[in-house]
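Presented below is the structure to which this report refers.
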Amino acid sequence: MSDAISAPRAQACPLSEGDREDRYKKSGGQPLLEFGEEPNPYAGYVQTPALLALQTPRTGAAGEPSFLIMTQVMELLFKLVYTEAKLVRDHLEADRLSEALWTLRRTHQAMGVLAGTWDVLASLSPAEYNEFRDDLGEGSGFQSPMYRQLEFILGNKSKSMLRPHQGEPSAHDNLARTLAEPSIYDAAVRFLSRREFPIPDYCVERDWAEPRARDDEIIQVWRMIYDDPARHHELHRLAEALVDLAYLFGRWRFSHLLTVERIIGGRVGTGGTSGVGWLRKAADHRFFDELWTVRSVG
Ligand code: HEM
């Protein structure tokens, strides 16, 4: 599994603005239709032959293409949101606050699309889902490598969550690396420390693979920022942009929960949990907990 967007590939046949103008004149404004024996340039860029060969349902059930394709769409969107969040983390670590805020804008849009993907699956009836559920065996989204990668970069760290990936060394290595690095929130806190806010040392350097408990001193720092948003304009924007991201992630979790409740009711999950009860607890988790807590600390 590749955890990030791969290094750029050489462009098959680059075109300059001048080349495009010439082509336009030759084609008389009609779309280009002839590309010889090669896959056309769109197929070459998007890699449609490989991409569109990946939808291989296990049954002939009418609802399974929706389930499989939407699952693959979500996996790609996990990858996109992870990629953007990692970039935000790297900008913050390098003191590029404006760039971090700009990238968060795009991250929110991708996360919003992800949160909206449940509408398709929510239209599956229990009977339609049951037609292919047995064929999923013990498979569950809980085992998704990109979802876990995203949880780790956002700060929900857990060493035990590496275990389902032991059989896939590249996924395991990527996850282990992200687990051991500062999350986007750790980077925000370290950034505040470099801006001379009183951040405790144990939040600036620590074992990043360990989850960190809610910290009153950090909450007090956010309180200073929320108390005077005009003075701390950009930091206040950063805080609220992080909350936007956590809010959208919460919407993804709630919509998953509602969709699952609608489809399987009180049945147990394919991945071994109680199902809806377990998901309800998972939906209680908030990324950047201190930013939620600061709202009620006066
Ligand atoms: C529509 C049918 C679906 C049902 C009935 C369902 C059900 C469940 C259940 C019961 C769990 C808890 C673990 C378990 O026992 O399996 C779970 C976890 C999870 N599911 Fe789904 N799910 C569905 C679709 C999806 C899709 C399409 C995705 C996208 C990849 C997904 C992603 C996840 C993730 C990431 C978790 C783990 C969440 C966490 O660790 O907090 N699920 N799902």
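Any Cβ shown, glycine's included, is placed from N, Cα and C.
Database features (TrEMBL):
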BINDING   Tyr129, Arg133, Thr270  substrate binding site
BINDING   His256  heme binding site
REGION    1-38  region 'Disordered'
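Structure coloured by features recorded in TrEMBL.
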| residue | record | Cβ contacts under 8 Å, 6 or more apart |
| --- | --- | --- |
| Tyr129 | substrate binding site | Gly63, Phe67, Ile263, Ile264 |
| Arg133 | substrate binding site | Ile264, Thr270 |
| His256 | heme binding site | Trp118, Gly141, Leu279, Ala283 |
### Task
May I ask for the residues of the chain that lie six or more residues beyond the region 'Disordered' (1-38) and have a Cβ under 8 Å from a Cβ within it?
44-45, 79, 82-83, 86, 145-146, 149, 168, 170-171, 174-175, 177-178
### Task
Could you tell me which three-state DSSP class Thr270 (substrate binding site) falls into?
coil
### Message
Among all protein chains shown, how many Cβ atoms are found within 10 Å of the Cβ of Thr270 (substrate binding site), not counting that one?
### Response
18
### Message
Could you state, as a whole number of Å, the largest distance between Cα atoms of any two of Tyr129, Arg133, Thr270, the listed substrate binders?
### Response
12
### Query
Can you list, in sequence order, the residues of the same chain other than Tyr129, Arg133, Thr270 whose CB lies within 8 Å of the CB centroid of the substrate site?
Asn130, Phe132, Asp134, Leu136, Ile263, Ile264
